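Reviewing the structure listed below.
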Amino acid sequence: MAVLPMFVTSNYITNVLVNCMVFSIFGLSWNIIGGYGAQISWCSAAFVAIGAYVNFIFSNDFGISPFITLPISMVLSLVLSTLIGYGTFRLQGAYFSIATIAFAETLRSIITYSDFTKGAAGMYSTYRGHDFWSLSFANDAPFYYIMLVLLFLTLVFTYRFTVSKTGWYLSCIKGDEIAAGSLGIETFKVKLRAFQISAMMMSVAGCFYASFLSYISPVSTCSFDLSIKIGVVAIIGGIGTLWGPVVGAFIIIPLIEVAASLLGASGSSNVLYGLMLVLIVMFRPAGVFPLLRNLFYKLVNRNQKQVKGA
C-alpha cells in the first residue's frame, strides 16, 4: 500500500483510500469498547468532533499546530468519557448506550448553537499551502501516508491492548460479566478504562480527519449518522476482531461512493447501511472478516494437501 500513490494519479481515488483508512481507525477505536467489551456506544461522533474542533479552534485562532492540540483533545475526551462511564457502567442493561446517545446529541447542540464553533455554518481551516506541521497540503497524497502510518500504529496498539491484562479482563466481562466479577475482576474499572481508551483514540483520529477535510460542521463531525456509520463499519467487518473494522471500512466506503454516484439520493448511504446490516445479521452475524479468514485457511490447507499428494 505504501507505493500505491505512485501508480494512482487520480486525487479522487486517493481521497477514497484515505477515507477508508480514516474509518478503519474509527472502527478500531469503536471496537475497543463495542467489540471487545460488548458495550455498544453511539457517541463516537462526539469524540471525533472533540478532536476536530479542538484542532481548528486552536490552529485557526492561535496558530497552534494540530499536533500540539492532540493532548488537549485526549484529556478532554478522557474527562467526558469518565463522566459518562462513571454514571452508567455500574448499572445493568442498555443504560450505557442510552447515555452515549444523550451525550452525543447534547454536544451536537452545543456545537450547533455556539459562536466559538461558528455554529451550524461550520469552520474552515485557515491554513493554506504545503506544510506538514500544520497538516495542510496541496493534494491528498501526503494524507495517504499520514493515515497509513496512523492506521498501522492503531493496529499495533489494538493488538497490544487485546493481549494486555485489561484486554483479557474485558473479554471475560464480554463472556459473562457476573462470572467475571465473581472471579475478582473489577468490571466497572475495566469497562471504564476501555471506554476512556476508545474515546481518546477517536479524538486523535478526529483531529487528523478534520485537517484532511479542511472543513468541519456539526453534520460532518458530530452527527448521529456518523456514529452509526462508525459502528456499522466494525459490525459488518467483524466486531471483536483485529482486522474486522479495516475490512468493513474498505467495503463500506467504496460502496457508499458507488451508491452516491449511481443513485444520487441524499439518503442512499443510510439505505445501504440498513441493507448491509440486515444481510450480515441474517447470514453472517460474525461479520465478513471471519468468513474471509476461514476461506483463506481452507485454501492454504487445500494447497498443502495437493503439495503432499504430489
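Using N, Cα and C of the backbone, Cβ positions are placed for all residues, glycine too.
Database features, via TrEMBL:
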- 12-33: transmembrane segment (TRANSMEM)
- 40-58: transmembrane segment (TRANSMEM)
- 64-86: transmembrane segment (TRANSMEM)
- 143-161: transmembrane segment (TRANSMEM)
- 194-216: transmembrane segment (TRANSMEM)
- 228-256: transmembrane segment (TRANSMEM)
- 271-292: transmembrane segment (TRANSMEM)
**OP:** Could you name the stretch, out of 194-216, 228-256, 271-292, with the greatest number of CB pairs under 8 A to the transmembrane segment (143-161)?
**Re:** 194-216
Subject >> Close approaches to the transmembrane segment (228-256) from elsewhere in its chain (Cβ under 8 angstroms; 6 or more beyond its ends) >> reply: 16, 19-24, 26-31, 34-36, 38, 40-42, 44-45, 48, 151, 155, 158-159, 162, 174, 268-269, 272-273, 276-277, 280, 286-290, 292
